[in-house]
Amino acid sequence: MGFARAFTILYVHLPQLQLLLLLLPFSINDMHVKAQLSPSFYETSCPTVATVVEGVVRQAIEAEARMAASLLRLHFHDCFVHGCDGSVLLDDTATVIGEKAAPPNNNSIRGFEVVDEIKSAVEAVCNATVSCADILALAANASVTLVGGPSWTVLLGRRDATSPATITQVTAALPNPNSDMPTIIGRFAAVGLDVEDTVALSGGHTIGLSRCVSFSTRLYNFSGTGAPDPTIDPNFLASLQATCPQGGDANALRPLDATTTDTFDVGYYSNLKINRGLLLSDQELTSDGNTAPLAAAYASSQSTFFTAFAQSMVNMGNISPLTGSQGEIRLNCHVVNSA
């Protein structure tokens, strides 16, 4: 574990003044604007916000287990594009196309109705106080915890963007499920996340589902060979081809972790060891010298994975937040406030 990473683990347990002093040396070279975020940001203005968020998330997961992964993914897709600013939630307008229309998001990210329910519940107790960006961060933590995963100290105080990123910017920022590992590591590095973060956050795929369109090229014409990806376990390949036949429904779904689909555990990494990673970007973790040792370590120790994942979620949540007087506190997460 690197020196700077050790410091980021310490800061969540220190008083705010020490937090600022510890983080100052790192703020010059990374994109983690941590200093103005605090776990106690709403301590007086909305002290029950985490409880309110968890209550709505719990009901949503009880109604549909997949929602845990969907809410986690919304936070990820928000943070990777211009930082954790709630911009992924904005609807298209007559003049501006939102991030939802970008290829990595279109017909893919979901859970917006649950975010709306959370926002309504929060507004009922703390009007015009809690940002949509912070709601995404809290919902991600609640989602993971409620399906058996770790909890982490959620830093708060983000504000909401008043405009979305462009489709080009979204596509350039988000990792692609068919990318090789150097490309994926590069996408993470572009937002200040390291290799440990890359491998740990990939473990979020221990829950959730993926559409055939995201992995079908591995099944029939891998890298233009006219044949399947030779690294896929043969029995797993046959099962995937049955779900995703050539010319079939591109939106048919497969679990990212076929062993414990709705439980947050190390099943994802265990599957990689036997060549049963669903996405190319998943299986690539085992073939790259920078990532393979970490993937193996997480497969062998759930506590090691949970500790790493929790820290990496804190790191991701700190990507370029809007704070202070920047942005706004959106009253409706789908639209910017009226002037």
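For all residues, glycine too, the Cβ spot is worked out from N, Cα and C.
Whatever TrEMBL says is automated annotation, not expert-curated.
What you are looking at is a predicted structure, and each value in this text was computed from that prediction instead of being measured.
TrEMBL names Asp78, Val81, Gly83, Asp85, Ser87 as Ca(2+) 1 ligands; from the candidate set Glu64, Glu99, the record adds Glu99 to that same site. Per TrEMBL, the cysteine from Cys84, Cys126, Cys132 that shares a disulfide bond with Cys46 is Cys126.
Together with Asp257, Thr260, Asp265, the Ca(2+) 2 site in TrEMBL holds one more listed residue from Thr198, Thr206, Thr307, Thr323, which is Thr206. Excluding Thr206, Asp257, Thr260, Asp265, which define the Ca(2+) 2 site, the same chain contributes Ile207, Thr259, Thr261, Thr263, Phe264, Val266, Gly267, Tyr268 within 8 Å (Cβ to the Cβ centroid), listed in sequence order. Among the recorded positions listed here, namely His77, Asp78, Val81, Ser87, Thr206, Thr206 has its C-alpha nearest to that of Cys212 (disulfide bond). Rounded to a whole number, the distance between the Cα atoms of Asp257 (Ca(2+) 2 binding site) and Cys84 (disulfide bond) is 27 Å.
Summary: among the disulfide-bonded residues (Cys79, Cys132, Cys212), the fewest other C-beta atoms within 10 A of the C-beta are counted at Cys212. Checking the recorded positions (Cys46, Cys79, Cys132, Asp265, Cys333) against Ser87 (Ca(2+) 1 binding site) with a 10 Å Cα-Cα cut-off leaves Cys79, Cys132, Cys333.
The record gives Asp78, Val81, Gly83, Asp85, Ser87, Glu99 for Ca(2+) 1. Within 8 Å of the mean position of their Cβ atoms, the other Cβ atoms in that chain belong to His77, Cys79, Phe80, His82, Cys84, Gly86, Val88, Ala161, Pro164, Ala165.
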